[in-house]
Amino acid sequence: MLNIRKLSANADGFKAELEALLAWETVSNDSVNEIVKDVLKNVRERGDEALLEYTAKFDRLTLAKGSDLEIPKSELEAALKRIPKDQRDGLELSAQRVKDYHEKQVMKSWSYTEDDGTFLGQQVTCLDRVGLYVPGGKAAYPSSVIMNAIPAKVAGVPELIMVVPTPDGEVNDMVLAAAAICGVDRVFTLGGAQAVAALAYGTETVPPVDKVVGPGNIFVATAKREVFGTVGIDMIAGPSEILVYCDGKTNPDWIAMDLFSQAEHDEDAQSILVTQDAEFAEKVYLSMNKLVKTLPREEIITKAITDRGAIIVVDNEDQAIELINYIAPEHLELSIDEPKALLPKIKHAGAIFMGRFTAEALGDYCAGPNHVLPTSRTARFSSPLGVYDFQKRSSLIMCSAEGANMLGQVAGVLADGEGLQAHAASARYRVKD
């Protein structure tokens, strides 16, 4: 039988148990930090030469020169033709739905003119070049290409550079096909911290980017953290999470499989069921034990459920909402009768899946909203990846003579108060005598 925590929100010591459940070690440690810093320094100083060495060492792929790291566009198109029609159709439908959704996120420039003629506004522009990291090998995820590339392209980013490791020369056709569909401009066979370094600093072959996005292992996550400041990054993602709040009226098999959909990602993933119905909680537990045996990732799921899973019984809806907002889950399912009525009370969640028919997996692939979401309680202060992550804002100010006269007097007084005489003088030069 699966050994999952069964908790009552009213029990003594519940808060301590909850904190232990949610605790997650940082994405890095001293050993990883040292390795990553060495890789970053090496790539920054030696460029393509270092990339070729690391590719041979870690991916067992020997290439003669830097230009061999690039996968030609013709290969992307060939991969698109090679994959089965149902996969191609699925990728294209997913890309279109993600595009349709993200087009509604585009920020627009705006401005207004005050009575004295002073012009104020905000100009929105896109990033020039973005780097997309995609995990490679047999565990490659073409959905990651779609979710990261489409918002960048919708934002208007003119150049999107993708890096994907190809261990032993193994290329994942679905990943390359997704890159072709999404309009990725250049693809390099690079992985690990060295790929992040190449994107951040540039080499003779790989152009430097303005922002690095995309998931990766502990070395990739640590490298992204290290290069932040030189370039922007999307986020440092922790293990995948799902919290299902159910009123007891949904098929327990559905809920069990929804919990497994995140647990199968890796052994550190977290799956939590919150319900007011203790009998239903037990039904879900029985379903979990029945269904886990049917899945090829049974071992991973069992470890994740044992180490970080929980079934939590609450007294009422208000207690459930308080718990949800405290946990701030990456994925939240509201498997209840009137989920929309609960929305005003839900403050912290990466994505909210409403109703009994909305499996979280639909959001992972093709619903439309982005599947790159804040984890480890960071939904308290951060948001899903979107078009706005590939746009930036510039403030616009143009003073009329009359406006400069009025504002100059105010700025002069404030600058004097801060002891900044050059500021005060600069403002007052524009003041009429």
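The backbone N, Cα and C atoms fix where each Cβ goes, glycine too.
Under the heading active site, proton acceptor, Swiss-Prot lists Glu330 (among others). Glu330 (active site, proton acceptor) falls outside any helix or strand according to DSSP and counts as coil.
What Swiss-Prot records for His331 (among others) is active site, proton acceptor. Summarising the environment of His331 (active site, proton acceptor), the number of other Cβ atoms within 10 Å of its Cβ, over all protein chains shown, is 26.
Here Tyr133 (NAD(+) binding site) comes close to Met162, Val163, Val164, Ala195, Val196, Leu199, Val212, Val213, Gly214, Pro215, Gly216, Val220: these same-chain residues lie at least six apart in sequence, with C-beta atoms under 8 angstroms from its C-beta. Swiss-Prot lists Tyr133, Gln194, Asn217 with the feature NAD(+) binding site.
Of all Cβ atoms in the protein chains displayed, 27 besides its own lie within 10 Å of the Cβ of Gln262 (substrate binding site). Per Swiss-Prot, the feature substrate binding site maps to Ser240, Gln262, His265, His331, Asp364, Glu418, His423; the stated evidence is sequence analysis.
In three-state terms derived from DSSP, His423 (substrate binding site) belongs to a helical segment. What Swiss-Prot lists as Zn(2+) binding site is Gln262, His265, Asp364, His423.
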Quick one: what's DSSP say for Tyr133 (NAD(+) binding site), helix, strand or coil? strand
Whole number in angstrom, please: the longest C-alpha to C-alpha distance across Tyr133, Gln194, Asn217 for NAD(+). 13
Quick one: pull the CA-CA distance for His331 (active site, proton acceptor) versus Gln194 (NAD(+) binding site), whole Å only. 31
Of the binding-site residues listed (Gln194, Asn217, Ser240), the greatest number of other CB atoms within 10 A surrounds the CB of Gln194
Name the one residue among Gln194, Asn217, Glu330 whose Cα is closest in three-dimensional space to that of Glu418 (substrate binding site); these are the recorded positions. Glu330
